[in-house]
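K.L.:
Once you've had a glance at the structure underneath, I'll fire off some questions.
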Amino acid sequence: MKYSLGLINCLAAAVLTGIWLASRFDLPALALIFPALLIAVLAVRAVYRRHFSAGILLVLLFLCLGAIRFTHENTLPAYAVSHYAGQTVTVYGTICETPRTYVLNEKQMGVRYVVDVNGIALAGGRKLPGAGKIMVSSRQDRHSKTGWPGGECIVKGRVENLHGFHNPGLIDTVAALRRAGVIARMNAGFDGVKLTGEGAYRWQGALHLMREKALLTLQKVMPESEAAMLFGILFGGYAGIEPEVVEAFSATGIVHILSVSGTHIALVAGAVYWLCTLFNVGGKRAALLVTAVIAAYGAFAGLTPPVVRSAVMGITAVGAIALGRERDAGHALAITALAMVIIQPSLIFDISFQLSFGSTAGLIYLYPKLKTRLNFLPALPAAAVSLTLAAQLGVLPFVAWYFNAFSLSAFVANFIVVPLVEVVVVLGLAGLAVNAVLPVAGDLALLICSFLIGIVITLTKGLAAIPGGTVYLPPFDIFAGLVYYIFLGWLFGYTPLRIPSLLQAAQCWPRQSLAIVLVLGLSFMVYQSRPQPLNVHFIDVAQGDATLVVTPQGRAVLIDTGGASSQSALDIGKRVVVPYLRHYGIERLDYLILTHGHQDHAGGAAAVAGKIPISHILVARERYSPAVDQLALALKGQRFIPAYTGQKIWLDSVLLEVVHAVDSKAARFDNEASNVIRISYGKHSFLITGDLERPGEEAVLAAGTPIASTVLKVGHHGAKTSTSPAFLQLVAPEYAVISAGAGNRFGHPHPEILQRLSARRIKTYRTDQQGAVVFQTDGKKLSVSSFLP
């Protein structure tokens, strides 16, 4: 048993490694097939002869299979809609998900559809088959009807490739969409989606109607906010839930209860098993019934990938119970993981998959040992602490990479809040089911749920507000993660070849162990006290600017914050800039400097100010834009500092100087109001120009201010109206950074600017192509790295 489990785990690890290698090094499938066939022949021979090399060959074979499978998955069909990127076409397809809506203004709302394409008409009228899913964004009147899942539609627009934000620590939304089958996007404009069928006669439409009816039932017996909360707990999703409530659940480490997870499946299965016992239904009949209910619940919850994974795990567990193999949880986890990644190799990069399997592995391998070591506590607290700690230890590297926080309040939340939520899940599902037959009884159950939800929200907000409830975690890269899991296995005694565990080693060699701990601690202190470089980050905020400056002593300045257009529901500050700051451990900003108030430079400022304390705020002397007004509201009275030419800010040994600012407060705001900031440290300097255009550049040249810099942040995202030859000659940079959005409608950066930079042999980085760009300097040497090669 022990050896078979080890082999299964090794084979699963080999497949995962093969997938990772194929994604990292772009391995061609044809180059892998011949070695795989050769290894397969040798493996069969070794197994037949019971040679010791059989295990090694099987591991190598599965590694090759993982790489081949990943390469094959990324091959698009001939008529994939993404092949028409850059063309205006008419798409025929089926709405395959519940549309997402968001309010734009008093009259209009935005609607986002996912359409499964079955036909494409080119501009000339030629019709072709189509394949793949496309994300369609459109606008319509707030009272107009939206489409339903299963409904047919016709959409005309320009096909665009998917593009996300390429910054460390962010969830790769493009990869997530591709895993869901979405391979392109389209903006259909106002009323650009023509609905040609209701969709009520398809199973997706029928399920959508059932979910809508369930939501209406909840709204009849409780306030809309609590109805949205209960609906999210029962069937997943954050729609209608107040953002501060979601943040409170995140801060306390229990946000997973707002999506259908293994906990939900286990509760549903447990309730059905209890009913089966009540009515003397047992054995395989009970297992079949539980399996059917799990499948139905998963379908009702929308069959999203996390729901499908949880349902598969639940059905696997039911099968193990039916076959009397409950103790083989490790086998089940490894086999399920292996099957899932072979079916969809890119799942290994999915945050839901990583967290789900990491926490499950923690529960299987760590929970029993933790509970044994906590036997000095009463049974219930010991179980609650062991459960939470095992799950958190299992996912710690992923939590550190994506969220940079470890929730200490999760121990209390799992002990107090989660049991209440479990009651709500069972009682809520029962209430909805009974409501169809006995409305009074069903309403009573739902009213109790409403009362409990109020308690849950109050408790969660209170726990989230406790100072020190979360602690910062530095990000783990893949190698640090491997070291962590090896150390965790050693700590808990999961070691090969009878290697003693960490505790056993400490007991056998106490002096040597103490010496090693002291040496490691001293080495860490020396490492932490070494001189740090100046870091200048150009963050990928799409069509906008955001620059983070971190001094050698760790003080931080943010210059501009990016910002999406008013037609978008995306808050760049909240979704991109704040996670970036947290990823690098920035807990306070000494300065927030806005070069000017345009949305693409200041739109994220209010969200940043709402999450990160800011000591000083420097703004341009212009009429405040809506973005700056929002910042003022978020700061609740904190005063702004108007920028002026010659203004100097010293932070440690780093100088930030305003080399250009408008002289007086203008009656309007435009690009010429842009402040120009020069950052100097030792031999190197960085020039941040905002959206300064040629007239502003001429004013800088006329002033005679020294602006020669090692690195130039190219003005106005590389527009033709900026970066004149005379200005570029005076700056004389070695490097240039262009912050622009992929496929933006302005055509930035302009080819003429790129040619001008190339002619002067200036090494140019672009956030739309290379993601975040980071410069490091000790004042003498300068290095640069980008998120994408």
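From the backbone N, Cα and C atoms, a Cβ is placed for every residue, glycine too.
Per TrEMBL, the feature domain 'Metallo-beta-lactamase' maps to 543-742. The transmembrane segment annotation in TrEMBL covers 6-22, 29-48, 54-71, 253-274, 286-303, 347-367, 379-403, 415-437, 444-466, 478-497.
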K.L.:
The transmembrane segment (347-367): which same-chain residues, six or more beyond its ends, come within Cβ distance under 8 Å?
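P.N.:
That would be 16, 19-20, 23, 171-172, 175-176, 179, 256, 261-262, 305-306, 309-310, 313, 329-330, 333, 337, 340-341, 386-387, 389-395, 398-399, 402, 488, 492, 494.
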K.L.:
Taking pairs 6 or more apart in sequence, does the count of Cβ pairs under 8 Å between the transmembrane segment (379-403) and the transmembrane segment (54-71) hit 3 or more?
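P.N.:
These two segments do not touch.
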K.L.:
Going along the chain, which residues at least six beyond the ends of the transmembrane segment (478-497) come within the CB cut-off of under 8 Å?
P.N.:
6, 20, 365-366, 369, 393, 396-398, 401, 503-504
K.L.:
When you scan the chain for residues with a C-beta under 8 Å from the transmembrane segment (286-303), skipping those not six or more beyond its ends, what do you find?
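P.N.:
Same-chain contacts beyond the flanks: 97-98, 207, 210-211, 234-236, 260, 264-265, 268-269, 272-273, 276-277, 310-311, 314-315, 318-319, 321-322, 429.
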K.L.:
Given a Cβ distance threshold of under 8 angstroms, which distant residues of the chain, six or more beyond its ends, lie next to the transmembrane segment (54-71)?
P.N.:
7, 10-11, 14-19, 21-23, 27-29, 32-33, 35-36, 39-40, 42-43, 46-47, 341-342, 345-346
